[in-house]
Structures are given as structure tokens and as C-alpha cells.
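According to TrEMBL, the features are:
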ACT_SITE  310  active site, proton acceptor
ACT_SITE  397  active site, proton donor
BINDING   133, 134, 135, 280, 281, 282, 283, 284, 285, 566, 567, 568  peptide binding site
BINDING   309, 313, 332  Zn(2+) binding site
DOMAIN    473-611  domain 'Peptidase M1 leukotriene A4 hydrolase/aminopeptidase C-terminal'
């Protein structure tokens, strides 16, 4: 066997799935999808073929011929407790000679790691809701696949839901229509598929994408148009939709800026879906349908920054994709760079500098987090046997950004812009590794390896000496005010009069960690940071307050952990509580025991590992 990815059973000597025709019957009562997948390989194949699965029940496998022939299959370690904790279970099919297309029927588990099922009491619409989150290696819990970004697929998707619900997907919407018995290819009984009160939403994705970008949601979803190719969807009714439409009103302009910087937008539409508060990420760059946490709706259009990042992925990440998670910086470093270029045009250089400053602090914080395992401070770490969710961090984002910024400073922005457009047009709709990028860089920027230590940047641990802290007047001013806090000086109301959430976030990130409880409460009494609507500010403040023993903030910490499932907030708050002794640690365990059902399975697993690590 020739593995192509440490996180997949995919055999590099065999063809991979090139197209999937999927039919999903959503059973909300059982938190289960009954499904079929007609899979087409990139080339004919005979004999054993391995697919990735996690917690799937496979019912049948057959040829696509008429009549079909049964295909022998086995599911290794089908018992969830016996499956590999990172890879899941390998599905081995024994294909007849020269097989190109075959059919699988299967059901997901209620504990599928990609899916969160919300009951009517958990939603704003009082209707059931389900959404997927397949990054990094969770598509295998939704359908059997070669779950590696090295294997890009096109797909069609039928989603059968109750008529009072709507479905969306990261694909072109074809139609909403009555179910037909011929639709489902054995996903379930005809009577179930065509039952009264059911409707089918049909989607088609003609551009190839890595499996982690497969995405859908279904529930009480409404929408507002933002522009000719932009629309915002949300669960939660008119109030959420109106707030979201105001927050993201500039999205069409951002798409145009992206095109001017990076070349044509290849995905036709750029729509947004605001998910319930349990969504575990700030945003997920699913093509044509970006998924967002409601915490990005801040009331001042600052949430557009997260959208700028997800938009930038339309070129770097979705169009060109990392080949494995060991090359994750190719997705996130490039996208962080591209995001800041978009922000610079749309919101100005000072805003981009603030963005960079927050990233610089985050990168330094990651050095402390991984001080006992510096492998994960490399741009290209070795990750065999490692769950990508366990080591997800700002390193690929911010160290990747710093690497690209270093190249830009060396060759100048005009030359780097030309290089970037050439890079995107050369590798679009392909998955590449770090070595391919470096070869392309050395070929197109001759002599760059003599000017920048490329090996140190990619293979070295820590922050290279030629990385650079951002330099701007407002950044320096905020850092200076933060340094004065140690001696008891709070910023004056005049000094913070025009601060938005980002300025406060940068200020709080730069405060010393060994502050007194009295200093923390004095700051909060003056500026009410613990009550901020901006969760970036609120969580940064609470993270500062917890180690001081300020029990007066326990209620705010508890509300935050019970109302929002975004891992960016869960990680620091649970970590800060768990690292303390006594009451704080007990509080962390109590909150988790009461809130864990609210969290998406990915977030739940991360919180569990934090509490387990700290006892």
C-alpha cells in the first residue's frame, strides 16, 4: 500500500473517487441520514479498493450495471470503540474487473463527527436543524470517500427533508421538487422517500473540491439578497437576517477587490449562511456557501473581516488546496495574507496593521502553547497519528502569513503580486504540497533561496529571526498603553474614544498575564469589557480575569461557554479554568457537564481533551 495522506486509508497506487452522486434522507427523529452514493473512479480498477469511513453503517455495495452485481465488502473495526481514533474504519471493496462506477447504501450514526442535529427547542425557529462541518477529516462520517484533500471530487446531492424545512449546500441549487422513487438508489424505501410532507432539494457541484469542503444544512432557513451574486441565509427569522444583511452589506465590493488582486472568481456565487451559535468555527470557506458563526455579527460591520478571510479562500484553499493536513499552511497562510490585502483596500492600511498585530500576538502565544512539543510550531509538521483537531492553531495562519510577507518584502509588492496571480492560475483546481510550492517559488523568483532561508521557514521550529512585528502608529500606541497597565495606568476615555473591538482585542492581548484582581476589575468598571457584545473582546478579557481569582466574572464565563460553541472561545476559557486549582477547575467540569450537548461533536471532543489534560 502507498499511502498518500497520513490521515487517510487512500492507497496512492489505486484510482480515487472523481465524482459522487449522493441521495440523503434526513431522519431528524433518529439524528440519522439514510443514504446512497454512486461513486465514479478516476480510472477503471479491479480488486481491493479502500475508502475512509467513521461510524457509518454500510448496508450494501453493488455494480452500476443493470441488473447490478453484489460487490463484496468489509468494514474494518466497524465497532466505534474498536475503530482507529484518528482515521476511523477502512471500508474495503473487492471490485470486479475494470470497475469505474459502483453504488453504496449506508446510514450515518447519531454521533457522526461532522454532523450536529438540533432539536426544535435548541433553534430560534422552533424547527429541527442539522448542519455539517467536514474539515479536517470528518467527511468520512457523512459518506464513504477518499477523505483526503489530495482527491478532489465533483458531486450531485439530493436532500430529502420535511416540506416545512429548506436545505442549502456548498453547490449550485438546481431545484426544489417532489421526491421521485427513482431518486434515491436504495437509500431507503420508496414509501419513506416519497412520503407525504417530504420535499427534495437538488444540488450540483461541477467544480472539483476536496471532500472537506462538502457541506450542507437543513432547517428553518430564510435569506436576504446582498448583491447580484451574494446572498445571506440564516436560521432565526427576520431579526437575524436583517442584522446579518447590515453586517455583510459590503460583501459584493469585497468580491470585486478579491478579483482585482487575485484573478477571476471561479465559483459563480458567494453566499453566506449564518448558523446557530453552536457552530464550532468563526467561518468555514465552503465554496459558494460560506458557513459563519453568529458571533461575527457585531453590529458595526467588523464581522466582515471573517468574511474577508473566507472569501480569500475562494482563491487560496478552495481553488488551490493543500495536499494533506501537513501542508495546511498553504491554505491558511496564503489566505491570511490574501485576507489582509482585501482588508487593506476595503478598510484601510491601519485596519490591516491591527489585524496583523493581533496575529503577531497570537503567533507568539502559540509558541507558549506548544513549548513542550515544538513540532507543531513548524510550517510543515509531521502529523502521522495526530488528530488535526487536537493541534489546530494559529501557527499555519500566522507563521504562513509571515513567510509570505517576508517574500513580499524581499522582492517587492509588484513582483509578489505577479507571482501570486501566476501561482493561482498555474495550480487552480489542484491539490499541492509544500515542496511543489517551494519549487515553483525558486523557478519563478530565481535566487530567492539565497536571500531567504526557505528551509528554516518551512522545517524550523519557533519564529524565524527575519519574521517581523507590524509597524504602524496605532499598533505602537496600543502596545504602549498596554505596557503602562502594569504600573496601574488605565487608558483614558479620550485615548479609547474611537476604539472598535479590534483595538480592544489587541490591547487586551498585550496586557501582562500576571496582573492583580483589582486592576482587572478597575478596567472593567470603567469600560464594561466583560459585557461586550464583541466576543473577541469579552473572551480576551475573561481569559485575563480568570487566573486572578475574580469570582465575580464566573457568571459571565458560564454564560459565554453555554451560549457559544465556537472553539476559538471554548479553548482559552476552558483552558484558563482547568489550569487553576479548586473552584475554577470544578466550575469548568460543571459547565461542560451541563453544556456538552449544545456543542458540535468536534468542539465537544476538544473541550473534553482540555479537561482531561488538566485533570
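Quick reminder: no glycine exception, Cβ is built from N, Cα and C everywhere.
Whatever TrEMBL says is automated annotation, not expert-curated.
Annotated Zn(2+) site 309, 313, 332; additional same-chain residues within 8 Å of its Cβ mean position, judged by their own Cβ, are 285, 310, 312, 316, 317, 331, 334, 335, 336, 338, 339, 397.
In the domain 'Peptidase M1 leukotriene A4 hydrolase/aminopeptidase C-terminal' (473-611), helix, strand and coil residues by DSSP number 105 helix, 0 strand, 34 coil. The average pLDDT computed over the domain 'Peptidase M1 leukotriene A4 hydrolase/aminopeptidase C-terminal' (473-611) stands at 94.
Of all the Cβ atoms in the protein chains shown, 23 others lie within 10 Å of the Cβ of residue 567 (peptide binding site).
Long-range Cβ contacts of residue 309 (Zn(2+) binding site) within its own chain (separation 6+, distance under 8 Å): 282, 283, 285, 335, 336, 339. Closest to residue 281 (peptide binding site) in space, going by CA atoms and restricting to the recorded positions 310, 332, 397, is 310.
The recorded positions listed here (310, 313, 332, 397) include no residue with a Cα within 10 A of the Cα of residue 135 (peptide binding site).
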